[in-house]
Amino acid sequence: MAASEAQEYYQQANEAFVDEDYSSAYALYSKSIQLDPSRADVYLKRSLVASKLKQHQNAVTDAVRVIELCNATSTTKEDLCVKATMRKGLGLFELEDYEQAHQAFASLLSMAPDDAAAKQWLSKAAAAIEAKPKPPAETAPSVIPPPSAIMGSPRVRHEWFQNENFVTITIFIKNLKNDAVNIQFAEKAISVTVKLPTGSEYSLELDPLAHEIVPLESKYSVLSTKIEIKCKKSKMGLHWGALEGDGVMAAITPHQMTGSGSGVTADARPTYPTSSKKRHDWDKLSKEVESDKPEGEAALNALFQQIYKDADDDTRRAMIKSFTESNGTTLSTNWTEVGKGPVETSPPDGMEAKRYEL
């Protein structure tokens, strides 16, 4: 069952490759390998696709895997080993590891002495090694490091956020042209290469992503102040706990965040996008608002209600009689005193009580 499904993914990947849809081809070859990791031909095809996507390190890794399978079994075709060794050499050459590339092409010629391409690339690797700058002699007094060493790799800030359907990554680089940006999507990886206006190169490799995305439905935009990358979530509604990782970190769905008995701890309170570095506990703030104490007249009424609720019948009669007969200027709880007669109005100091006549 797994082998037939792996073959189906392999055929779909081949079709995507013919259509030059290399991102989809890479993802489909990966699915085939997950189901059947013993097929050297699938690794070889994925190595070729990786080189098309400028993922040269991945291309070398897959080529080495093909060679390992060749050495481990006698059923692997010899021409696959020859092709894999060529792919390994080409990938190493692109990575500017000319010494290792030269060794790969020499190994290829030992297997296929008449291979014209191998001879040509062996010569290119030898020339690149010869042209490579030699390290300065140890006796040299002091050597100024090359400009690239002084400048170092460019520092570029990037951020990410998410909603139900997308994870959005923002890379803050200004004044870029569309053709200066190359972004490749795979199921669990994103590769970003940018030619900066200064002439240097910036790259960002997010591999592996914390969860799977849909490469065909992911896209990016080059704006005046930034690059915005929108990655379609493979599982909509899944809350990513991190941008990168092996998927071990907890992922929370909206149902888990709101439902009872979901197993989410008290720490998993909702948070909201903010430019502040400090996290706000909105549940706590809500409780603080609810616990605010009344002031002024509201506080007086609250006190009156509290005393009245806890009082006996005589105290309640005293409170009602004194407050009513004094026109709200006196409140007494002593029925023995209040019950003797009418309670007169007692205005505050500096004020005078006047009778209102109709």
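Using N, Cα and C of the backbone, Cβ positions are placed for all residues, glycine too.
According to TrEMBL:
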type: REPEAT; residues: 6-39; note: repeat 'TPR'
type: REPEAT; residues: 82-115; note: repeat 'TPR'
type: DOMAIN; residues: 153-244; note: domain 'CS'
type: REGION; residues: 257-296; note: region 'Disordered'
type: DOMAIN; residues: 271-358; note: domain 'SGS'
type: COMPBIAS; residues: 280-296; note: compositional bias 'Basic and acidic residues'
type: REGION; residues: 324-358; note: region 'Disordered'
type: COMPBIAS; residues: 324-336; note: compositional bias 'Polar residues'
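Here the domain 'CS' (153-244) has, by DSSP, the following mix of helix, strand and coil residues: 6 helix, 45 strand, 41 coil. Away from its own ends, the repeat 'TPR' (82-115) comes close to residues 40, 43-44, 47-48, 50-51, 56-57, 59-60, 62-64, 66-67, 70, 121-122, 124-126, 128-129, 132 of its chain (Cβ-Cβ under 8 Å, at least six residues beyond either end).
Averaged across the repeat 'TPR' (6-39), pLDDT for the predicted model comes to 91. Taking Cβ pairs closer than 8 Å, the repeat 'TPR' (6-39) reaches residues 45-46, 48-50, 52-53, 69, 184-187, 215-216 in its own chain, all 6 or more past its ends. Residues of the repeat 'TPR' (6-39) grouped by DSSP class, helix first, strand second and coil last, total 27 helix, 0 strand, 7 coil. Note: the repeat 'TPR' (82-115) comprises 27 helix, 0 strand, 7 coil (DSSP; helix = H, G, I, strand = E, B).
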